[in-house]
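Participant: Supplied in structure tokens, the structure appears directly below.
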């Protein structure tokens, strides 16, 4: 009798084992309840219900089978645990996979499958949960398309700019809470791509650009390293990173709740950590700020690149380096200068390439360097094996210097920063004679300086009196006259740390007056070509333009050779700093972009029709649209004015000025300009705001289409909705987007007469009246990096000019 009971209990034990663990799939007739699991056929992975610390909250997940403690690699219901003991995972009538929380309904779903012939769910040998059509065998859904915090071999991170599809890793909130946490790991759509970890919208860590077999910011991945990843990018705006299994071991890559990326494998007993990042303090994004260099081998970890000094010296001394560095000697760049203001490149070895790089298709380092030298916006370049030429047109951010490995980065400096030193022996041997020469020279210099200053004071005083006398207060009511001392104090003596940017006429500085009012100071360079009459015209005429969508001039300063224009300060800088930044662009959703478009249109209408002067701007572009503290747009940079008698509405000039890509065809080719030239530029500006793409950088596929060409095809094919920046798709009204694309195309039509005037434009933007169909625009081919910068100014003397016509 005892033996029979033993046999009976053995039978029950074996039966319960086969019930609780099965390699069969989930079907409509055979759901997966709590207490039962589904295994992969190779026995490596298991799917089932689990909880933390014996909690009633149950999750459906996948884990490595037989490994203690359990390591969960995927969770279905991350945000919504089930609590009913009768919960189960089942196939629905339409073929989708559903998690039922007992009588509480559906807690999670794989989405609509719409399969009439039925489907089943299986766990593959790669740990991928797959829903399969019973009739065709087609995969209807898979967990690898909906990753959590872990990648398994054969899984993929990806992006597709055309469809907006993106596959990322998202961290858990904590070790025992699988809901979505603070960190996201993704590959960026840059060329070449890189791995980027963000905390919210803030960069936290990045791998550096991909170079055929390695990430350049990971020294471990040298030329001899065979990594566990494969990266693909194509010209259609899609890319992927696939995790490979090169040794048949159990392995995983994971984004932890603390934001670290960990690669590990199982040796049969324990998990072995192969790679973790960020690990060193230099791995954290931007720890040394713009133009700061984080050195891994020596303390203190942050230093400035050669030719740069700390921006906030006291903070720097305290170990707060995030303010970064600024140039010690300002660059004077005219493309290919060879004089005393010529620029040179200083090479820095063993560098993790900084962020915000741009790829340029040059075949050797010489061409790469030459192109960067001729592009005044290019601040640095690197020619990297497996990539080719990279250039930097923005601040060098998140640069790291390794003890070994890394890349050679060449940084643009003023020639004076690389001046050589005398040899110590030569200095010692000639110290007496040199001292004598210095003393004699100093005495001579003092005498000469006295004579020059004496004569200059007379000339300068007379010049200042003449200029100030010519500038009558009644001509410029409300305009303030500032003395040089006030402006020098406000701008910290034109400190480079106060520099906001470089315009066609000279640098622009931020200043703060004694009453606390912030200002922007345009310091007109002596080489800008401005004469007395032109300068007076700008002050007298532009000061009379008052509109909420125009930057307002507050005053001027004339002392000696200095000519300064003082404008109201714009807190949020220019529109391009938001629109073309992968993170800041999220701050301007579709409603805000539409407000900006309408505000710019109102400003142009005022210039063309509502002011007592008729003003044709001739250089409307995204960098000339400034944003105030409420993100209201203001048109800026009118440049030098020129007055015409009468009421002309068009003119012709031999001095074609403006920015390539924004200029109307008739203006660029013949010099003929009118208010319709500004309308064309506004149309280009609209397409940039809608798409989030630069007119000078956009390309689509192998055909190198312009943004205008792509917008035209988009409007013809889909009404223009697929032109929209995917980052703002959730906040848009599709009909508004399609209408704006059509208006933009109406503005860039080839014939000026076909383009709307500003009154018609405002009506189009603020009503729902019917729009005429646009004619196919001229697809002007834009120049790439091999010849020019991102913004090519077409001008005789490199000035950005507006034209002011009397009514």
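In case you wondered, yes, glycine gets a Cβ from its N, Cα and C as well.
Feature annotation from Swiss-Prot assigns domain 'Bulb-type lectin' to 25-144; the stated evidence is sequence analysis. As annotated by Swiss-Prot, topological domain 'Extracellular' applies to 25-426. The domain 'EGF-like' annotation in Swiss-Prot covers 278-314. Per Swiss-Prot, domain 'PAN' is recorded for 333-413. Positions annotated as topological domain 'Cytoplasmic' by Swiss-Prot, on the basis of sequence analysis: 448-807. Look at Swiss-Prot and you will find 494-779 tagged as domain 'Protein kinase', backed by sequence analysis. Under the heading ATP binding site, Swiss-Prot lists 500, 501, 502, 503, 504, 505, 506, 507, 508, 522, citing sequence analysis as support. Residues or ranges marked as phosphoserine in Swiss-Prot: 528, 543, 623, 636, 696, 790. The region 'CaM-binding' annotation in Swiss-Prot covers 583-600. Positions annotated as phosphothreonine by Swiss-Prot, on the basis of similarity to another entry: 653.
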Participant: Three-state secondary structure of residue 506 (ATP binding site) from DSSP?
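Facilitator: For residue 506 (ATP binding site) - judged by DSSP and reduced to three states - the answer is coil.
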Participant: What count of other C-beta atoms do you get within 10 angstroms of the C-beta of residue 500 (ATP binding site), across all chains shown?
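Facilitator: Other Cβ atoms within 10 Å of residue 500 (ATP binding site): 17.
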Participant: Of 500, 506, 508, 623, which recorded positions are close to residue 636 (phosphoserine), meaning a Cα within 10 Å of its Cα?
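Facilitator: If one measures from the Cα of residue 636 (phosphoserine), the recorded positions that come within 10 Å are 623.
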Participant: Mean pLDDT across the topological domain 'Extracellular' (25-426), rounded to an integer, is what?
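Facilitator: Averaging the confidence scores along the topological domain 'Extracellular' (25-426) gives 90.
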Participant: Work out, from DSSP, the number of helix, strand and coil residues along the domain 'PAN' (333-413).
Facilitator: 10 helix, 34 strand, 37 coil
Participant: Measuring Cα to Cα, how many Å separate residue 508 (ATP binding site) from residue 543 (phosphoserine)?
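Facilitator: About 18 Å separates the two Cα atoms.
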Participant: Closest to residue 543 (phosphoserine): which of the recorded positions 500, 506, 623, going by Cα position?
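Facilitator: Looking at Cα distances from residue 543 (phosphoserine), the smallest one goes to 506.
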Participant: Give the helix, strand or coil assignment DSSP yields for residue 543 (phosphoserine).
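Facilitator: It is coil.
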Participant: On the three-state reduction of DSSP, what should I expect for residue 623 (phosphoserine)?
Facilitator: helix
Participant: Can you tell me how the residues of the domain 'EGF-like' (278-314) break down into helix, strand and coil by DSSP?
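Facilitator: Counting residues by DSSP class gives 5 helix, 10 strand, 22 coil.
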Participant: Let me check the 10 A CB neighbour count of residue 506 (ATP binding site). How many other CB atoms are there?
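Facilitator: Around the Cβ of residue 506 (ATP binding site), 18 other Cβ atoms lie within 10 Å.
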Participant: Rounded to the nearest angstrom, how far is the Cα of residue 623 (phosphoserine) from the Cα of residue 506 (ATP binding site)?
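Facilitator: With the alpha carbons as reference points, the distance is 15 Å.
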Participant: Between the Cα atoms of residue 623 (phosphoserine) and residue 500 (ATP binding site), find the distance and write it as a whole number of Å.
Facilitator: 12
